[in-house]
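Here the structure comes first, spelled out in structure tokens, and everything after it is commentary.
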Amino acid sequence: MEAGEEMEQILKKRQVLLFFVLLGIAQAGSTIRRYSVEEEAENGVFVANLLKDLGLEVEELAARGPRVISKGKKLNLEFNRQTGDLLLREKLDREELCGPAEPCVVPFQVLLGNPLQIFQAELQIRDINDHSPVFLDKEIILKISESTASGTTFLIERAQDLDVGSNGLQTYTISPNFYFHLNLQNSPDGTVLPQLVLDKVLDREERSEIRLILTALDGGNPPRSGTVQILIEVLDINDNAPAFSKLRYEVQVPENSPVGSQVATVSARDLDIGDHGNIAYAFSQASEDIRKTFRMNATSGEILLVKTLDFESIQAYTICVQATDGGGLSGSSVVIVQVMDLNDNPPELTMSTFTNHIPENAPETVIAVFSVADSDSGDNGKMVCSIQEDLPFILKPSFENFYTLMTNTALDRETRSQYNITIMVSDLGTPRLTAQHTIIVQVSDINDNAPAFTQTSYTIFVRENNSPALHIGTISATDSDSGSNAHITYSLLPSQDPQLALHSLVSINADNGQLFALRALDYEDQQTFKFHVGATDGGSPALSSQTLVSVVVLDDNDNAPFVLYPLQNSSAPYTELLPRAAEPGYLVTKVVAVDRDSGQNAWLSFQLLKATEPGLFSVWAHNGEVRTTRLLNERDAPKHRLLLLVKDNGEPPRSASVTLQVLVVDGFSQPYLPLPEVSRDPAQDEDMLTLYLVIALASVSSLFLLSVLLFVGVRLCRRARATSLGGCSMPEGHFPAHLVDVGGAGTLSQSYQYEVCLTGDTGTPDFKFLKPIIPNFLLQSSETDNDTNPSYRNSFEFS
């Protein structure tokens with residue numbers, strides 16, 4: 001018992017020394033904070049307040065979005081963002097997390113965002129006395145020869161206690177007896193091994209077996225205990241114990257070795273014969289893991305595999321093998337099994353944060369933060385992380401296999417609205433194992449595209465006299481954005497022309513861009529007009545564009561021809577003079593007409609509908625010139641009435657009629673005064689005939705007198721001049737009307753003026769007319785000359 005107390009004091013001193021060593025290491029690594037909690041603590045137990053350690057205020061903590069991440073061994077911790085308290089969310093089992101390791105320290109990280117920051121910390125799980133010592137065997141059988149001398153020690157299978165430290169296994173007790181006492185021995189790994197010490201030589205004839213109770217006690221408060229029954233069988237004398245060929249065996253076994261394969265073979269030799277020389281092999285001091293993983297062939301000494309090895313769980317096994325002969329003597333050896341790592345674990349990717357919607361035009365935006373891990377070792381545990389090369393994203397390593405996925409350049413939703421990003425993690429083992437994780441990122445739209453019209457300008461053709469509210473065309477624009485940013489509203493922009501009343505002419509549908517004519521358009525009033533249409537999207541701020549719209553009014557045949565010459569007057573028809581001596585093709589007059597329409601609707605053609613003397617006159621269809629077709633004879637009437645039709649080329653055609661009065665005269669000096677035709681009684685016809693005869697006689701006399709005067713003037717002119725002029729000799733004195741307007745304001749584009757020239761050679765007053773000289777572009781001057789003496793209109797004037 002005194003030896004046990006000494007061992008207990010030595011153990012306490014070692015624990016105190018170990019405490020101070022651990023305390024110094026913790027102070028040296030000040031960058032990693034350590035917190036502690038007892039195992040089996042209830043859900044919601046307070047662990048620590050991290051506000052001070054994180055260097056944050058309560059208001060800033062919630063904005064940073066803290067998250068607790070545990071790598072490898074999972075810790076179910078809850079972080080209160082309002083107070084900064086770290087709480088347990090479930091009970092922790094120290095033995096499950098750390099096994100026999102002491103202290104039990106599990107690292108974890110606190111991930112902060114905006115900006116990204118990782119806080120390293122450790123949680124120490126303090127052990128409590130929640131496990132009792134347990135013997136793996138229900139009964140321990142010792143075979144001891146009767147010749148065994150007193151003082152001989154027998155090693156007994158130790159108990160197993162999952163607790164550690166002071167709560168672990170501390171001591172053993174044996175039930176009272178006369179043959180044995182208990183001796184406690186410290187092993188190199190710090191465990192206490194029980195030994196039975198023979199106090200009295202055994203006598204098989206006196207007692208063939210002895211039963212004892214071995215009790216194992218831990219250091220908890222209150223202490224827990226476990227018991228096992230020891231059966232001691234007294235054997236006959238056996239003076240040679242088995243001896244192994246090696247005291248230490250070392251083997252390497254790949255972790256993918258199949259179940260049932262041979263791991264190692266041990267061999268021992270006993271010099272005794274018979275039962276005392278028969279050796280049986282068995283595990284000694286084997287843990288539960290060893291018993292579940294390996295099986296010993298008691299006869300051959302082969303160690304066989306009964307469970308698949310896993311390098312990531314256990315890298316090496318230390319197996320104590322005991323060889324016992326038939327006499328109860330035994331020898332021991334140690335087999336070290338090294339598990340060879342194979343690349344049998346693919347990398348694992350753990351996503352910490354992920355944002356699946358990012359705005360366009362925002363470079364260096366964090367999309368995801370994740371960590372990678374591989375349970376293998378060496379090159380098998382080294383990893384390479386990558387994404388597709390053709391994507392505008394980049395991976396940035398941060399801390400201990402943490403990576404940040406972020407945009408490399410600004411994204412354009414109109415070019416690509418969705419990205420499938422495959423994160424591939426590959427180790428460097430042989431063969432390489434990979435893991436991949438695919439995420440879908442949607443690019444959110446911002447209003448960065450103005451509406452674009454389908455055409456740079458629009459030309460719309462509308463036929464005049466349209467009905468009001470007529471749909472005349474559609475203006476269309478597109479917007480590459482989406483949602484409300486792509487909703488387009490159309491509007492009419494203010495006209496730059498102040499005289500254009502645009503809002504009284506057209507309107508536009510704000511939703512679909514349809515244009516409507518508000519009233520009937522008139523080609524003769526306005527042939528074309530231009531305006532701008534604006535397209536505005538629904539973004540904020542709104543973007544807009546504009547286009548030019550030209551409306552061309554198409555002519556319709558809605559105007560009949562209008563006769564400009566001769567003017568139609570029902571009370572006094574216009575009369576043209578025709579010399580009786582006129583040659584065929586003589587230009588009597590020209591009908592001038594216009595049409596307010598355009599194009600073929602304004603192409604005019606002339607037609608003679610009715611004449612007093614058919615066949616005497618003809619009308620040129622394209623210019624309206626009325627000409628004689630033959631020579632006049634005595635049988636032709638002196639007065640003719642012509643009915644002409646002026647027709648356009650529209651569909652349907654429109655027309656206008658004009659009436660001409662043609663009076664045949666013997667010479668241009670014959671006066672003629674057109675009088676309106678009125679009904680007269682027969683009594684006045686004789687008076688009128690007398691008047692006509694008097695006028696005719698006076699005209700002939702005047703003509704004769706004028707001829708004589710001209711003849712005398714010509715003679716005088718020839719004598720006065722030394723050189724012959726050979727042309728026309730004009731009398732001196734007043735001769736006001738040497739230019740005669742024959743055409744008047746007729747159908748020609750300009751009036752033709754003719755020079756009247758009297759010959760002086762023969763003495764006969766012949767007229768040389770129809771010799772055009774200077775065109776008269778001013779119709780008013782001709783009308784002014786004629787107004788001076790309306791009675792002699794269309795006649796020559798002489799004085």
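Cβ coordinates come from backbone N, Cα and C, glycine included.
Annotated features in TrEMBL:
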- 136-244: domain 'Cadherin' (DOMAIN)
- 245-349: domain 'Cadherin' (DOMAIN)
- 350-453: domain 'Cadherin' (DOMAIN)
- 454-563: domain 'Cadherin' (DOMAIN)
- 570-678: domain 'Cadherin' (DOMAIN)
- 689-712: transmembrane segment (TRANSMEM)
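In the predicted model, residues of the domain 'Cadherin' (570-678) average a pLDDT of 81. In the domain 'Cadherin' (570-678), the DSSP tally of helix, strand and coil residues is 4 helix, 46 strand, 59 coil. Across the domain 'Cadherin' (136-244), DSSP helix (H, G, I), strand (E, B) and coil residues number 3 helix, 54 strand, 52 coil. Shown for the domain 'Cadherin' (245-349): DSSP residue counts in helix, strand and coil, namely 10 helix, 47 strand, 48 coil.
DSSP states for the domain 'Cadherin' (350-453), grouped as helix (H, G, I), strand (E, B) and coil, give 4 helix, 54 strand, 46 coil.
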